[in-house]
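Chemist: Residues or ranges marked as domain 'Pre-SET' by TrEMBL: 6-55. According to TrEMBL, the feature Zn(2+) 1 binding site maps to 9. According to TrEMBL, the feature Zn(2+) 2 binding site maps to 10, 37, 41. What TrEMBL records for 37, 43, 47 is Zn(2+) 3 binding site. Summarising the annotation, TrEMBL assigns domain 'SET' to 58-140.
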């Protein structure tokens, strides 16, 4: 990682501090944005600052809960603390549209809205129509 920070990568927006340690675990304070290397960098796909881009690395299973609460996600593998598991995927909509849809979802008894409010509360991810396995993670 030290070599990566030395010159072949460009974590510019993160002020030359990578978000991950050598094992791919998040090492920065919760709530801070994570900037990964990308097509503008000189590094390759094996760069330690490209964790989310590699996708899901665990065998995950969608299951119906026995107590009737709905669906959930589990794995039989040990997941180390601060490890990337999956990204929340969905349709990016404005906060105004999220408010409108949220009222409909509340009447239906389900919502899949996730606010993207790091800098400004402008966008929301809605996983109701488009998504991945993260749609089934129980957030309660």
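Cβ atoms are placed via backbone N, Cα and C, with glycine included.
Quantities reported herein were computed from a predicted structural model and do not represent experimental measurements.
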Chemist: Hey, how far is residue 43 (Zn(2+) 3 binding site) from residue 37 (Zn(2+) 2 binding site), Cα to Cα, in Å?
Modeler: 8
Chemist: What is the separation, in Å, between the Cα atoms of residue 37 (Zn(2+) 2 binding site) and residue 47 (Zn(2+) 3 binding site)?
Modeler: 8
Chemist: Write down the Cα-Cα distance for residue 47 (Zn(2+) 3 binding site) and residue 41 (Zn(2+) 2 binding site), rounded and given in Å.
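Modeler: Roughly 10 Å, rounded to the nearest whole number.
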Chemist: Over the domain 'SET' (58-140), what is the model's mean pLDDT?
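Modeler: Mean pLDDT across the domain 'SET' (58-140) comes out at 88.
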Chemist: Under DSSP, the domain 'SET' (58-140) has how many residues in helix, strand and coil?
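Modeler: So the counts come to 18 helix, 21 strand, 44 coil.
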